[in-house]
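Here Swiss-Prot flags 83 as active site, proton acceptor, drawing on similarity to another entry. Positions annotated as ATP binding site by Swiss-Prot, on the basis of similarity to another entry: 11, 12, 13, 14, 15, 16, 17, 18. The substrate binding site feature in Swiss-Prot is assigned to 113, 157, 158, 159, 160, 161; the stated evidence is similarity to another entry. The Zn(2+) binding site annotation in Swiss-Prot covers 138, 141, 170, 173 and is backed by similarity to another entry.
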């Protein structure tokens, strides 16, 4: 793919979205592209930078709104964004960056723990040149898992946690529990 475009990596928790994002950014680095990654600053589960659930770390700018980094990223040609569902301006930002010739790679949940869409990610799909939906392993029956299930009783959408608060589950296990 030449020129600006958007790559969207979606799926449930524990499906390897952040790992795939890092893999793609590293490939562009090997190909001599100037790359930057951005993560949601309220996600501080493991420390600074972008972290995978298996504790791999990658340097990243940390913000709550993508428009806050517009000046800092002008010299970069590849922009990786983790936890895209939490950025309120993800659609406008990605469209602007791709239109300016930048490669934008977004990793995001496609649905909430209630299996409802993150509308900003849903709105990004028709603007993306590439969309990949990953699956995880069901933490109950070990089959393919397409959903994230919260273990607690909280009802707020934005509660950031790992396997202490969420499980990846298949359709049957989601419904049965």
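Any Cβ shown, glycine's included, is placed from N, Cα and C.
Feature map: Swiss-Prot annotations on the structure.
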{"residue": "11", "record": "ATP binding site", "DSSP (3 states)": "strand"}
{"residue": "16", "record": "ATP binding site", "DSSP (3 states)": "coil"}
{"residue": "113", "record": "substrate binding site", "DSSP (3 states)": "coil"}
{"residue": "138", "record": "Zn(2+) binding site", "DSSP (3 states)": "coil"}
{"residue": "170", "record": "Zn(2+) binding site", "DSSP (3 states)": "coil"}
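When the Cα atoms are compared, residue 12 (ATP binding site) and residue 113 (substrate binding site) turn out to be 9 Å apart. Remark: residue 15 (ATP binding site) has 134, 135, 136, 145, 168 as non-local neighbours, by Cβ distance under 8 Å and separation of at least 6 in sequence. On a Cα basis, residue 141 (Zn(2+) binding site) lies 21 Å away from residue 17 (ATP binding site). Looking only at the binding-site residues 11, 12, 16, the densest Cβ neighbourhood within 10 Å occurs at 12.
Each residue contributes its Cα atom, and for residue 173 (Zn(2+) binding site) and residue 113 (substrate binding site) those atoms are 13 Å apart.
Annotation: no recorded positions among 11, 16, 18, 83, 138, 141 have CA atoms within 10 angstroms of the CA of residue 113 (substrate binding site). Less than 8 angstroms from the CB of residue 170 (Zn(2+) binding site) sit 138, 140, 141, 143, 144, 145, 146, 147, each of them six or more residues away in the same chain. Sequence-ordered, the extra residues of this chain that approach the ATP site, with Cβ no more than 8 Å from the Cβ center of 11, 12, 13, 14, 15, 16, 17, 18, are 109, 134, 136, 168. Here residue 16 (ATP binding site) is positioned 12 angstrom away from the residue listed as 'active site, proton acceptor', judged by their C-alpha atoms.
Taking the mean position of the Cβ atoms of 138, 141, 170, 173 as the Zn(2+) site, the remaining residues of that chain whose Cβ falls within 8 Å of it are 139, 140, 142, 143, 145, 169, 171, 172, 174.
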